[in-house]
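Pulled from Swiss-Prot, these are the features on record:
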- 6-26: transmembrane segment (TRANSMEM)
- 32-52: transmembrane segment (TRANSMEM)
- 68-90: transmembrane segment (TRANSMEM)
- Gly76, Thr79: Na(+) binding site (BINDING)
- 102-122: transmembrane segment (TRANSMEM)
Amino acid sequence: MVMKNVLLVGAGGFAGSVARYLVALAVPFSGTGFPFATFAVNLLGSFLIGFISELALSTTLLSPEARLLLTTGFCGGFTTFSTAMYETGGLMRDGEALYASLYVAGSLAGGLACLFSGTLLAKLWQ
């Protein structure tokens, strides 16, 4: 049972990491230095984990294994706190304190808003 769960998380993490990489390739780096790709995947991942978790908790649509695959696995691999902090440090190092502050504040506030939006949409969808 434990090995099955480890494999589910690994498979989801692989898919999420590849998806994040593809978003980074698709979203051009702006001349401002603002990390739009990481910002977008973290907000989308927050929405997805809210939506998936609500469905898993309040319906029988997702098995515990599917929830593990999609939340801990995919969303965990898709989103990236460490990259966000690395990029924030880079903005600070480059003298872009305003962008760094907006990035951190926007990531936290936007992430929570997306999480709750995903949860609400799942409740309405049921």
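Yeah, the Cβs are placed from backbone N, Cα and C, and that goes for glycine too.
Keep in mind the model is a prediction, meaning the values are calculated, not measured.
Around Thr79 (Na(+) binding site), the same-chain residues six or more apart in sequence whose CB sits under 8 Å from its CB are Gly16, Arg20, Val41, Asn42, Gly45, Ser46, Ile49, listed in sequence order. Panel annotation: around the transmembrane segment (6-26), residues 37-38, 40-41, 45, 65, 68-70, 72-80 of the same chain, lying at least six beyond its termini, place a Cβ under 8 Å from a Cβ of the stretch. Within the same chain, residues 5, 8-17, 19-20, 33, 35, 38-39, 41-42, 44-46, 48-49, 52-53, 56, 62, 100, 103-104, 107 sit at least 6 positions outside the transmembrane segment (68-90) and bring their C-beta atoms closer than 8 Å to a C-beta of that stretch. In sequence order, Val9, Gly12, Gly13, Gly16 are the residues near Gly76 (Na(+) binding site), counting only same-chain partners six or more apart with C-beta under 8 A.
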